[in-house]
Amino acid sequence: MNSSPVQYPSFGFHRLAKSPFFRILLVASALAGLLGCGQKEESQEDENEEGHALLGVVQAVNPETLEMTVAHEEIPDFMPPMTMVFRVGLGDVKVFKKGDQIRARMVRDEDGGFRLIKIWKIDDESAEVMRRVNKRLAKQVDDLGSGYYLAEGDAFPEFALLDQYGETVTPTRYKGKPFVLNFIFTRCTDGEMCPLSTSKMARLQKMAAEEGLQDLEFVSVTLDPKYDTPGVLRAYADGYGIDGSNFRFVTGEKEMVRRLIKSMAVTHIEDEDDIIHSLATVLVGRDREIVKRSTKKAWDPEAFLEAARVL
């Protein structure tokens, strides 16, 4: 790639119609429509989910006992407003702090107590930033049309999502910086898919640091935003020993995540217990041009490192 400034690339129209993979995408779209027709676009929550929706303010967090004290609002037809101690996940105690306004699902624990799952911070300012940026994302990706995707030479769309620290990741973070981006989800059990891909990303991050590529960033977008909250992503990243200073695992509003998935032609079919999906790993240059793209399980970190050296 030339080192001189490059004009910001336009979105290309790369057709998959004649490829076997496109036929898979058509089937995926049809199945996704059948499976997802009951989902509310405005909410990540399903009326049939276990437990009760909860709104409240964090009063205290105890990392040692994995507990969070929350002053919650009335839960209609179940519980008056009160302050309670809840069990939470390993990542949640690292993400949330006293004073945070949250929404979550309150469920029964095995011992009869209560646990909070699917915890999200309520932040109007952050929500407005994401709404504004992702409005542009929606237009850019929707303009691609059915069966088209972004390839090498195209501009990667801007996005705004939440990371494993509960912080809002905006386009400003990656302005003038190259980054490697892939798609995973934390409940993926196929050792040849997400776990292997995350291990490769961690290895690539380490190799880049050893070579002094300090401004190369890394992003993993969840395919399962309904389950993969910031706290869940934090526990996942920590489990792989990820250095989070330049590696963000991101989640957010389901429709926005779907649009990123669509832009990379990633197959994504949800069923009750799993997500059937393909992979895509891309290297994006300083001007947001897609420099390298791989849809293989056996993508090579060394090849991506070689491409990143000249950016």
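Just so you know, the numbers here start at 1 and follow the chain as drawn.
Cβ atoms here come from the backbone N, Cα and C positions, even for glycine.
Listed in TrEMBL for this protein:
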- Cys188, Cys194, His277: Cu cation binding site (BINDING)
- Cys188-Cys194: disulfide bond (DISULFID)
- 150-311: domain 'Thioredoxin' (DOMAIN)
Sparsest-packed of the listed binding-site residues (Cys188, Cys194, His277) - C-beta count within 10 angstroms: Cys188
Residues close to Cu cation site centre defined by Cys188, Cys194, His277, Cβ within 8 Å: Phe183, Ile184, Phe185, Asp190, Met193, Ser197, Leu223, Ile275, Leu279
The domain 'Thioredoxin' (150-311) [mean pLDDT, rounded to integer]: 96
